[in-house]
């Protein structure tokens, strides 16, 4: 197990492990008891040896891991999908972390560098790198851009967006003498002040500065700086031979509780400390010290482990020179003792009152007292089950001693190598030993003879156990062997590891072994030749001792990493393996001297308590006497004050009666004055309101009538002007027609004369020329006639264009006049609406004033009645005071509403309800009328739009018919010309006939021109009829009143007239 990482939501735990084919990261769900293991992550095909550091993203979705050298690879996982998102080489670095505000930003610190990486598009790219002159051991994010980092030289650096901004002061306070004496290393050099851990919190951050010192930094208001506010030290260890050595421990890691109230840390020696930061803040003037999180632990490998039968105790010894006795039921350290030499073995007496500790050159028998371990006798070590014997190993010799006499009862020799382990049978009649020489011997403890043996010189045994029935022996080493009757019945291979410890349950159903890799293997008995076991990862060092408690409930394992683990033994159904109930005692040993000393202390304390009790009783009596005197003085003072207050009360009563009489007189005067003023104001206000209303109503009606009359007159005048203009246009059109007819007549006469002259010339030449010349002359005459006709047609087209231009001018003028009419109509409608609104507001104001006057009058009347009722109570002050308070409460609750009305709580609720009802009814009527008016306006607008559309379609149809008529006229004209030419060719010799034909042609042309004139007349009559149809609508719109909401319909334009 190389590294741990806890998610920000405290739900997931990531554990980095190595030792297999490739390193793995396992993510556990801490909120569920069943199926805690969620995902197992690997680095894929990358050559990664181990993961040294990990971190979760702020949203706990991503996990990043930093591998070790020589590649130093960063691996980013989307861990829920077991997917590697990106990898990058970081060159060198151990601590890695996410930005607290950005899932895509990662910080890595290492040897002389601090690097920032950004994740995007499937890659981790380096965005910034800052160089420093020392190795960065730790770092922490203080915000989205600020990072604080600690170095191996004791510097504390502040980075902003990856750039080094400043260095914080890490100077510690005065060094205590107890620390100064041991501030040097064993080789005489000063201990380095390294910043090995830093943790952020809400007010700043906490960091370790040197051995045994933690500094608290808080943010200041000046330039977002940080200032050191507190130093917290690791305390002395009074149980240690050198107490100051505890303060020289280097801090390894630190963490804060979710509420940021408790700070916990671990040291390089494997100790855990904690402190309450709130209490440290409160006691700022005193030096703050850490406390053990639970108790002190072994700091070096555990070499011995032992339990007893009559108590829930377990004893351990370690190379740190200490012996510790634990209660495995409450997980509490009961007794702790440190020696000058290294303890190599330990054994507890079955009663739990005695202890054997083995050193390199001696064996000590000790009493386990209530708060100490004291030596009874030293020997130059395993208790039997009965507790009357114990066995001690010295090289390849086993010595058996008597607990009562301390005599060496037996000496067992036979091993050629060092004896590794011994075990007693249940009845203490046999002792089994194993050694490095590959021999397993079974000894008779009564006679000292060897009863059986099994020797395999190729095997090195490290542990031995015996079955409960003493028939089978189990030996562990390079493999697990089952020995019976001097023969190896079964052997289970170790599969690449070495078994270092062995234990059998009291029921004989389960065998536990510890391995050199720190794992625990569990075998079922009888053993199988196959690799049939269950393996648990327990320690990070080789397992040194394995024991099963006498009730088969717990398994105790000790390791070279200095840790002691307690396991609960259950079967597949979760049940324990207990066969019978085991009873424990609660007695403890204590020496007579200690007991007498404690009894004396108790007696002294009891005497002190009695003395304090008597002293307190005497002080209470004195205080009672003084309080009685004070109470008597206060009583006399209060009696005098009461008498004076009574006298003052009588005087005030007399003054109150006089004031009531005066108030009544003043009230009568005020009432009369108010009634007169009220009548005067009512009459004057009523007259003013009537006059104002009459004036406003007359002015509004007069102004509306005048405006309407002026509008009607203006529209009639405009209509008369338009009619005159139309008549003038018609007269001009008639004049132009007369001129056109006269011109046409003259042109026809000129044409007839020319034709006559041409005919005479043709007749003269006809006799002189041949038929061919006659035909050609006829064609030439026809050509000349055609040119004259074309000229007449051009003149006709010019006149038509003149007429159309005049009509277009009239149409444009009419549209402009109609636009002005619509705008004026809209303005008049707005003015009318404003006048109506003002009139309605005036009516409302008048109504409010009338209502307010009535309410004031009613209030004054009620007040007068209540006041008269109070005057009847003048002889009874209490009733008078009560009545006046009721009047005050009653009339002081009067309030003036937003509308200016006086409302008194609890008075005339029927009037207010009726008023509210009438107001709601009127508002609903106004809303319905507005809706109906808007609907009618919309219908009228739709009708007007429909008429305009029909008019436009009719005008368009007229234009199409005109175009078709022009086409037909041109075709008829061409046909007539061709017919005339053919007629002249056939009858050119007949002048009378020719003359008749010419006159017929002229009459036909005149008929055509007359038809055109009639068409123009029809157009003018049609437009005149349309104008007459629109006149009533215009007059109706001018006379009708419309609100501003109908301005859209009134401003609709008439379509253009097309000719």
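Glycine too: its Cβ is placed from the backbone N, Cα and C atoms.
All annotation found in TrEMBL is predicted automatically rather than curated by experts.
Owing to the predicted nature of the structure, the values given are computational and were not obtained by experimental measurement.
The range from 670-690, 691-711, 712-732, 733-753 that TrEMBL describes as region 'Disordered' is residues 733-753. Same-chain residues lying 6+ beyond the ends of the repeat 'WD' (412-453) with a Cβ under 8 Å from its Cβ atoms: 382-386, 388-389, 391, 393, 395-400, 459-466, 468, 470, 473, 475, 477, 483, 485-486, 502.
Counting residues per DSSP class in helix, strand and coil order gives 0 helix, 18 strand, 18 coil for the repeat 'WD' (295-330). Across all of the repeat 'WD' (536-569), the predicted model scores a mean pLDDT of 88. DSSP labels the residues of the repeat 'WD' (536-569) in these numbers: 0 helix, 19 strand, 15 coil. Residues of the repeat 'WD' (412-453) grouped by DSSP class, helix first, strand second and coil last, total 0 helix, 24 strand, 18 coil.
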